[in-house]
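Annotated features in Swiss-Prot:
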type	residues	note
BINDING	60, 62, 147, 312	Zn(2+) 1 binding site
MOD_RES	147	N6-carboxylysine
BINDING	147, 183, 239	Zn(2+) 2 binding site
């Protein structure tokens, strides 16, 4: 009888450092890591010349199900994740209809995800006006935390949180022992500048970029940190687009505030000039920034002040990206399939980011922050979630390579150094040779988190 169900042989295993080793898997769990494992296996994979990374964890995706599967859906969205080396995602509460703001809406989303997810998943709940009293229902069902917007959401059925709603939501999250995630932009500034531009018929990409200045983000980050520190909750700032924003978070951590932040590949790879060149496919909020902001953000990533990198995959149908009016175009970037490839290309190859830091930014830190036990690292007892990467494999991303419902992405046409060749979920290959090779097998992951864990 074989000692293992699977052995991944001879790859460069990334865990703390890098070592050429085998990974033995039994019953979907990593049971041994070391050179020349003995005992045999029912399946062996030759990983010589490949990086063996923990499967990425994308803590920020919008799959729009139930109710808006014309936009994406768990089936196509998680196929794209598998193709990009991601084995666990956390799906956002807005854009679905109904949004995830109470127990009933959670149940609908959970059923949809269980039926069609190709990778494991967790779910965020929402903080919106009039629904703070329903947060306990969501906590009891296993949400990973709660998301709030400080600026307009673009979705009428998920309202932005006014300051009192945000503060009281933070107090409730603290009581429940769960984190609050905040989209931090000052709504008064962004709304007023947008009205000024559109009333003057200034609706180009440059006009849109100017309507969401960095100061709107910086002010909101500072305000969110203050409210969270007073409420006593764990705070996470999503999609920070400036190095100065990260610096505010780092300074607050030095003062003892329980706060972390993420950024996204599009803020690390693209500039405002790219947004002008690409058009609506590159519209997002906060927007893409000038080159000096990109460099400052990379400095913070390399200094260790950014906890992790997420895709903020936010797709829509093609008609919502059509036209020349950038204020009307949907503000979201499709990019979850490119999360790991983007960091391999620009981080590992372009900036000298070591593989072990790549694993921290895309896996370990996410699992630790949000309490995903058994995830995020290649260690005995953890789920056998692996991404096998050819670090020298170059490719140009084409529309036909994308697994999204709609092949719209600013990454199309970009050359990447580093290719995901196989994705393994709990010991089972789900992506290989450019194809998703298994049916929906994703499981719901509940957080196991102690209050104050950082």
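Just so it is clear, glycine is given a Cβ too, placed from its N, Cα and C backbone atoms.
The DSSP secondary structure for residue 147 (Zn(2+) 1 binding site) is strand.
Under a cutoff of 8 A between CB atoms, and with a sequence separation of 6+ in the same chain, the neighbours of residue 239 (Zn(2+) 2 binding site) are 60, 183, 262, 263, 264, 267, 284, 286, 310, 312. Just so you know, the Cβ of residue 183 (Zn(2+) 2 binding site) picks up 24 other Cβ atoms within 10 Å once every protein chain is counted.
Sequence-distant neighbours of residue 62 (Zn(2+) 1 binding site) (same chain, 6+ residues apart, CB-CB distance under 8 A): 72, 91, 92, 94, 95, 312, 313, 314, 315, 332. Sequence-distant contacts of residue 147 (Zn(2+) 1 binding site), defined by Cβ-Cβ distance under 8 angstroms and a gap of at least six in the same chain, are 92, 93, 94, 124, 125, 126, 127, 180, 181, 182, 183, 238. A simple way to gauge crowding: the CB of residue 60 (Zn(2+) 1 binding site) has 26 other CB atoms within 10 angstroms, across all the protein chains here. Under the DSSP three-state reduction, residue 62 (Zn(2+) 1 binding site) is assigned to coil, being neither helix nor strand. Counted within 10 Å of its Cβ, the other Cβ atoms near residue 312 (Zn(2+) 1 binding site) come to 28, all protein chains included.
In sequence order, 61, 92, 124, 238, 239, 310, 313, 314 are the same-chain residues whose CB sits within 8 A of the CB centroid of 60, 62, 147, 312, the residues recorded for Zn(2+) 1 being left out.
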